[in-house]
Amino acid sequence: MAKAIVLLSALCILALANFAHCRPEVFDVEGKVYCDTCRVQFETKLSENLEGATVKLQCRNISTEAETFSVEGVTDKDGKYKLTVNGDHENDICEVTVVKSPREDCKESVSGYEKARIECSDNVGIHNAVRFANPLFFMKAESVQGCKEALDELGLFPLEF
């Protein structure tokens, strides 16, 4: 009888431990938005962080394409944003999109580069509640002075500046 009580107690404790380990699925998505001053579609030493840029995270069901989650945010003085995603979105495609630039001189977006895809599920092999999105950007209408030199330092040779 004593063995049965010990066994039952151990099972109850394990069940409670498993319950205590449960946590709501909440993810933080962090990223950055910058102004591409050289119009090369990647960051250079002349790129400028964009404070006040609006970004939107949107999750859509893979099969139906119905929106399952959406949240907007604004970048800080360093061009960084942090968005909170509630729930597991294993069956969704989640993307962060640049929505609006705070600067009139740097507001051009490039089709195909205005989004960063992220995984918002515990079931993808990532054991961290923070997800990092690729940097997003807006471009100036014209390249600024010094771009040729900045690209030369990187070993890149621009075709036209």
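Placed from the backbone N, Cα and C atoms, the Cβ positions cover glycine too.
Here Cys38 is paired by Swiss-Prot through a disulfide bond, and of Cys120, Cys147 its partner is Cys147. Among the candidates Cys35, Cys94, the disulfide partner that Swiss-Prot records for Cys59 is Cys94. Between Cys106 and the candidates Cys35, Cys120, Swiss-Prot records the disulphide bond with Cys35. Looking only at the recorded positions Cys38, Cys59, Asn61, Cys147, the one with its C-alpha closest to Cys106 (disulfide bond) is Cys38. DSSP assigns Cys147 (disulfide bond) to a helix in the three-state reduction. For the recorded site, Cys35 (disulfide bond), the DSSP three-state label reads strand.
Taking Cβ-Cβ distances under 8 Å and a sequence separation of 6 or more, the neighbours of Asn61 (N-linked glycosylation site) in its chain are Thr68, Asn91, Asp92. Sequence-distant contacts (6 or more apart, same chain, Cβ under 8 Å) of Cys38 (disulfide bond) comprise Thr44, Leu46, Ser47, Ser143, Val144, Cys147, Ala150, Leu151. The DSSP secondary structure for Asn61 (N-linked glycosylation site) is strand.
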